[in-house]
Amino acid sequence: MTQGDHTTALMLAGALLDPVIAVSATDPRAAHQAYDDELAALPGAVPKRLREFSAGRVAARQAMAELGAPPLAVLMGQDRAPIWPDPLLGTISHTDTACLAAVAWVGEVRMLALDIEEDAALPEDLTATVCTPIEQTWLARQTDPGRAAKVIFSAKECAYKAQYPASQTLFDFQTLEVTMDETLSSFVARFAHPVAPFGKGDEIPGKIARGDGLIVTAVAVRA
């Protein structure tokens, strides 16, 4: 399946997010110019990585402009996560053909994340790593288990990014268990184990959009 471009990604993401959140998209295959202090975090990076990184930073500033914020730098922390300038909260994700960024004021949103993936089957050898036994039982009932597993992968990536500013903790895919609605348009990610400040059973709700060979998942929890 051919992947959609950044215009498709923007349409899908925009359908998932509240109006208080600004979203923008860029083409990571094109040339974009990140700020010098942002690029300083990537010495010796290969050209493809530089293009993707720069596309994300440019998309973030486009979203800032839509929000009415100045075009501020988004530096990279030692954990490689973006450092969003106060009082902004944001998220960046990309595939080979599309880059998305969303930004909101901290007073409006307390948890925000996007993930974008190619809408193709998750490799079978990764299913047991990504999916819990309960999720694998659900997959066995789906008409296209491989692509459904990819949606679970994206939902977990999205939920992980959404919780990370609060927990500052790395964990594996088994820490979250995802349940979907029947139409695969929304999900809930539950903590199977406590990860402070989250307790076992705490939930992160999210939404899903698919189209033109892309999966976009979003978490946006209002303040």
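Glycine is no exception: its Cβ is also placed from the backbone N, Cα and C atoms.
Listed in TrEMBL for this protein:
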{"type": "BINDING", "residues": "R49, R57, S93, H94, D115, E157, K161", "note": "CoA binding site"}
{"type": "BINDING", "residues": "D115, I116, E117", "note": "Mg(2+) binding site"}
{"type": "DOMAIN", "residues": "40-104", "note": "domain '4'-phosphopantetheinyl transferase N-terminal'"}
{"type": "DOMAIN", "residues": "113-189", "note": "domain '4'-phosphopantetheinyl transferase'"}
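The record gives D115, I116, E117 for Mg(2+). Within 8 Å of the mean position of their Cβ atoms, the other Cβ atoms in that chain belong to S93, T95, L114, S154, E157, C158, L214, I215, V216, T217. The Cβ of D115 (CoA binding site) has S93, S154, A155, E157, C158, K161, I215, V216, T217, A218 as same-chain neighbours under 8 Å, each 6 or more residues away in sequence. The closest partner of I116 (Mg(2+) binding site) among the binding-site residues, by CA position, is H94; the full candidate set was R49, R57, H94. A distance of 19 Å separates the Cα atom of E117 (Mg(2+) binding site) from that of R57 (CoA binding site). Around the Cβ of K161 (CoA binding site), the number of neighbouring Cβ atoms within 10 Å comes to 21.
Look at E117 (Mg(2+) binding site): DSSP puts it in a strand. The binding-site residues considered are R49, R57, H94; of these, R49 has the fewest other C-beta atoms within 10 angstroms of its C-beta. Across R49, R57, S93, H94, D115, E157, K161, which the record gives as binding CoA, the greatest C-alpha separation is 20 Å.
Across the domain '4'-phosphopantetheinyl transferase' (113-189), mean pLDDT in this model comes to 97.
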